[in-house]
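Annotated features, as they stand in TrEMBL:
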{"type": "DOMAIN", "residues": "73-539", "note": "domain 'Amidase'"}
{"type": "ACT_SITE", "residues": "LYS119", "note": "active site, charge relay system"}
{"type": "BINDING", "residues": "LEU168, SER194, VAL215, GLY216, GLY217, SER218", "note": "substrate binding site"}
{"type": "ACT_SITE", "residues": "SER194", "note": "active site, charge relay system"}
{"type": "ACT_SITE", "residues": "SER218", "note": "active site, acyl-ester intermediate"}
Amino acid sequence: LLLRWRRRRRLWRKVEAARQRQERSLVQMEMAIWRFREQNPSVNMVSILSLPLPELSRKLRDGSLPLEHVFYAYVGKALQIATETNCITEYLQESETQLRKAKVSGNLGLLYGVPVSIKDSIDCQGHDSTLGFIKNLNKPAAEDSVVVQVLRRQGAIPFVKTNVPQSLISYDCKNLIFGQTFNPLLYTRSPGGSSGGEGALVGGGGSILGFGTDVGGSLRFPAAFCGVCALKPTGNRLSKKGIIAGVVGQKAVAAAVGPMAKDVESLALGMRALLCKDMFDLDSTVPPLPFNEEVYSSTQPLRIGYYETDFFTMPSPAMRRAVRETKQLLEDAGHTLVPFELANVDYVIFNFCIRGLFADGAASFVRKFEGELEKSSTGLLFWLAKSPNWLKTLLSWIAKPFHPLMPFIGFVLFFSTVDEVWSLHHEIEEFCHQFIAQWKKLNLDVMLCPMLGPALGIGYPAKLSVAVSYTMLYNALDFPAGVVPVTMVTDEDEEELKSYQGYFRDWWDRNLAKAFHGSVGLPVAVQCVALPWQEELCLRFMKEVETL
């Protein structure tokens, strides 16, 4: 007991030291702003913050807007949003040195002088990538991830790292070290996750361009919950070298790194900057596919598949209305909309995604929590993963008469043999081919889908891990998918929500109804999807939705 008490004390001291570093970061930001304002009292920071990224980038490159004006405008706004939402874990003070060097270097990359924010799990040299784990504190990255290296070469200035949920396997944003991040639109709501710090910072206007990762919706949830745009590319379109995964080594569910911003044009600029020779040279596993301007700028009418529900997670009234209204606007603009039928989404989520992520019986996932003071915000999933096989079997059979999906949860967390894993990977490949065949039979260009929303109350994502069905499907398929906010929750939506029962009328459905409640005025997004490697077409479709 004494040894355990001493070990816990040591861990708490590490946590306290990390929190103090976070506080010092905010003080450093405050001091930097104060010095700048003392020397430049007449700078109109509000007008700088109102500029969209493409215009801001042009002004920086042609010299009509000084680099330091833009940098300190965003440092000031980021400090305000961090104070309100607790989204920043660390200020990258070397960004001030990079700013001074950029002024004399003459390197006018596509993102010259643009301050960018970086998710905690993306390596920045000299800084921790904690994933919310105490064991990862005081282990600074030896070098920048490839994405950060390319951003720097394009003139961007990474200036902050942002908060994540412990382990990344959550679509909330809380860990023991840095605490809960709040939604900038309504502090009682989750900002989404796992790129939740990015969502809060970009959504609050404290970053004009952020970068996160996505293995089940981790870019799309924060963007949708905070009212901004994000793109999850095909898994290997951008380099993942130097990016720490939530579950290392699994190949069943494709993870991706991508941008988040206020508008689609900013996402396109971020992708344009990254898809360059530097990235292909630094990581030869990334296919050398530069950004296709012709596809992105095309104005040809699109043939668009759509669905209002996946028949697994019943959409909220606002989600269903968002898809219907967007469909109508697209038809009025001359595009062709074609119904698309989804089948067996429950099997995909449980058997492909959850079983694929945790094919080792979740042993490697559970091992990450050894020696930690807190044991994860993934709730039921973590508890089941730790349970012995006999208990999983017993719970599955007990629950079977009461709920048709419950047996899956126990069985998917059993250890899989190599033969079973290979079978699973083959089954996922076959499913992907069938999905594409259905897509091509309908002669589709892109797909319009629901996106979970509005933002759930804080704490609800841990109780509703199964509600990832709309997003995780496209990680299993490895299709590019983006989100665009299109509407807000109305009084009529809220009234209709009173009769929401879900498809199974179970504990999950009841909790989801509670999580949606009281959301009038919050944003609701739709999801835009394209076939693998067609990020430019996906962005083009997103731009069309945004414009309409």
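Just so you know, the numbers here start at 1 and follow the chain as drawn.
Cβ atoms are placed via backbone N, Cα and C, with glycine included.
Remember, TrEMBL labels are computer predictions, not curated facts.
As the structure is a computational prediction, the values presented were derived from the model and not from experiment.
Features as recorded by TrEMBL, highlighted on the structure.
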{"residue": "LYS119", "record": "active site, charge relay system", "contacts (Cβ under 8 Å, 6+ apart)": "LYS161, THR162, VAL164, SER194, SER195, GLY197, GLU198, GLY210, PHE211, GLY212, THR213"}
{"residue": "LEU168", "record": "substrate binding site", "contacts (Cβ under 8 Å, 6+ apart)": "SER121, LEU131, GLY132, GLY193, SER194, THR213, VAL215, SER218, ALA245, GLY246"}
{"residue": "GLY216", "record": "substrate binding site", "contacts (Cβ under 8 Å, 6+ apart)": "ILE169, TYR171, VAL253, CYS353, VAL468, THR471, MET472, ASN475"}
{"residue": "GLY217", "record": "substrate binding site", "contacts (Cβ under 8 Å, 6+ apart)": "TYR171, LEU452, VAL468, TYR470, THR471, MET472, ASN475"}
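Within 8 Å of the Cβ centroid of the substrate site, not counting the listed residues LEU168, SER194, VAL215, GLY216, GLY217, SER218, the chain contributes ILE169, SER170, TYR171, GLY193, SER195, THR213, ASP214, LEU219, PHE221, GLY246, ALA255. Each residue in the domain 'Amidase' (73-539) has a pLDDT score, and their mean in this model is 93. Over all protein chains present, the Cβ of SER194 (substrate binding site) has 34 other Cβ atoms lying within 10 Å.
There are 35 other CB atoms within 10 A of the CB of SER218 (substrate binding site), with all protein chains counted.
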